[in-house]
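Here is what TrEMBL says about this protein:
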REGION    1-48  region 'Disordered'
TRANSMEM  204-221  transmembrane segment
TRANSMEM  233-253  transmembrane segment
TRANSMEM  273-293  transmembrane segment
TRANSMEM  397-416  transmembrane segment
TRANSMEM  464-482  transmembrane segment
TRANSMEM  503-522  transmembrane segment
TRANSMEM  548-575  transmembrane segment
Amino acid sequence: MSQTHLSPTAPRPNLSLATGEKGTHTLPDSIPEESAAATKGPEDAAPAKKTGRFSWLKLDMTRTEWDILIGSTCLKLLLFPAYRSTDFEVHRNWLAITHSLPISKWYYDTTSEWTLDYPPFFAYFEKLLSIPAYFVDPRIVDLNNLNYGAWSVVAYQRATVVVTELVLGAAVLRFIRGAENPAMQRIISASLFLHPGFLIVDHIHFQYNGFMFGILLWSLLMARNDRKLASGFLFAVLLNFKHIYLYLAPAYFVYLLRSYCVSPTYTLLPARFLSLANAVILTFLASLGPFLLMGQLPQLLSRLFPFTRGLNHAYWAPNFWALVTAADRVLLKVVSRGQLGGLSINESGVASTSRGLVGDTVFAVLPTVKPIHTFAITVAFQTIYMGKLWTNTSYKSFVTALTLCGFTSYMFGWHVHEKAILLVLVPLSLLAAESNAYFRTFEIASIAGIYSLFPLLFTPAETVVKIVYSALWVLFVLRPIHRQVYQFPRTVTFVVIDFLERLYLAGFPLLQIFVTLFPLFARRRGAANGSVSEHSDGEESGTSPLEFLPLMVTSVYCAVGLVWAFIRLSVIYLARKD
């Protein structure tokens, strides 16, 4: 279903929380693949001449793109010895499970506490990676060789992240080809490939998000190029790699149904509907089919959807519930002092402290939140956005609705992990240069979201890396976009909002100083009071009530920015008339 291709100079309304002026349009409603070549500018035509430094490789890449790829790869190689989380052992164990056991035992094995809990396509992916792993070092895929940390397994697993992330690199390159504003798209594409979130979560902490977000971006690219069947197929593939992308499924369902399967007169197009349905069904059959035949679907689903965890993760993801949880802690202190006599204290909530341990999270003063509450709120918000998407299925509307779907799930979901912020930041990046309103939302969400990932890395060496790298990313990404789209606020209200947003962003260096210095002062004070155990090697005994204060402050401060960005984006999307 073709869409109107807007001119970059065409007038259009732009409602903003920060400005009432029009922004610069860079995101087309749709670019049919066959017409993509017609939209290329002189800069895009250059790579086709194959005259660059690496022209002998016959790849459609400029010298700058090669420099970014080589420079980022060198940095990732240097990070091989860096800190790695338990996720590293999780994936090593999954290599061992898929290599050592028949498929019938994959989702039953409990040799390690890190059981296989991703969908089958990721299990098949681990199976493929286990084949060369065996030749690199057979001990990597030894099921009983738990917590194996030899250099061979470190180098191999780190290398697989670097190589598979090329799926992301290829996708962002294709976004440049055919873009209305290739120069700005280059900045956005580079910002995605070099995103601090991927460096922190994948290349240090250890996961494969770059690979899977690469599939998501390929799906969005197909939607941009008006190849909606391919877009739906790729998203179905992605769901069978990692089920967290179900957060985005409502936007895909409404967009593909309305723009591909239903005519402008609201008549169902059976041939298209059957084509899309068959593509999705066949994808799920390829993934789940073996387990359906073995009668293991209930066991598989029990691994994918455990509901025995609390409302918050151990480190509160900076969302709406982080603010509610913090408010409950404050109310507990107030009520305990008898300052609010009308409120009672739930004693089980005092001990819970909402740290996301296995079991229910219980509040001390506020009403306890249950999974059904989070589900109802999430569905309610997403329904509003899906109504808007149904009436406007342009590509830009789709990307915005998709971002809001992920944002809503992050804001109000049950037991959300801080790493899920990437579901917001990645698609939001595609909207960053649309207008000043979108950019300011992107700026606040990016800085707060990236900083919220900092607690994943707590060792001194990685602290320097994450701060310096993120600061450079902000400098080289946000400044050029800001210069292109910034419009000075035209009313007193917007001037005040603009000032408060800048004041909030300026608080992050101060927050970092507090997070860095507070543990030192707390440890010194604990030593002076004799509260440090002789057997703790200088570390706190873990009983201090202020032990988790830096994490709580980080979560709450980042949550303020992310909640505001969520409100901002919601208003922008729902208020637009185009």
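Each Cβ is built from the backbone N, Cα and C atoms, and glycine gets one as well.
Whatever TrEMBL says is automated annotation, not expert-curated.
Between the transmembrane segment (273-293) and the transmembrane segment (233-253), three or more CB pairs separated by 6 or more residues in sequence fall under 8 Å, so the two stretches touch. Against the transmembrane segment (548-575), stretch 397-416 shows more Cβ pairs under 8 Å than any other of 233-253, 397-416, 464-482. Note on the transmembrane segment (464-482): residues 79, 82, 184, 187-188, 190-191, 194-196, 199-200, 204, 432-433, 439, 442-443, 446-447, 450-451, 453-454, 457, 512 of its chain, located 6 or more positions outside it, place their CB under 8 angstroms from a CB of the stretch.
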